[in-house]
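Quick notes on the structure that follows.
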């Protein structure tokens, strides 16, 4: 008689015990939250390493560029929340519908008013990259609403994860009010604990009645969402290269080529600040050079070329 005790199905106890962890791991990997986490890791890493995101996290952001990014977010969330409202009763999405806790459009409108004024809608338009993202969201909401999960997951979970960090970076780099004007997007007033809410949201995702094929399609759609975001970042990088860095209001005074040279930031950085005689202010040199008519003509031609390229890019 065998020393191993067999079960009624003919599987001995040792084999049954060895299969238990495998079954548990398979169940875990079948969870939509785990599939999304693993299936979008590469795209997530690439998005985090785009130049725009790296510059933002370093506080190297111009206000005009931040305004363009806020505009892109406004159009993106307007589309996403319109489609979420449309599908709030759809069984594949209804358990993830939390307008009070998550919706960002109202907060973004406040930010747009702060940056552009009351007539902000007359001043902004959806960029080419953002429009592609918006079009995709509308298509999904109207034709494949089960895939809305991918876009909600990509946007809201990311906002809850890094929102407070980005808010502080923006406030510090752009000298925005600590009272929240201009950064309402990052404030989730009705979420007391972001980590707990994310866990709750993931549990709701995992409870959705979806087959494995649909889950795989959601992962694929989430990767598309990351790609659309990266296209917007790339567009912002291009726009940023055309914008002059905004001078902070409390920065060092700029020497105008006249008067006390010690007001020049270049001079202030020199180790031998006690002697004026040997100092050469680059601002003075630049002003003198640009006063030459021939170089003024070259500069004007260069500006015209850049303007022409910009016009072509935005056509």
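Glycine is treated like the rest: Cβ placed from N, Cα and C.
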When you get a sec, could you say which of 1-28, 29-56 is annotated region 'Disordered' by Swiss-Prot?
1-28
Listed range which Swiss-Prot flags as transmembrane segment, given the options 274-294, 295-315:
295-315
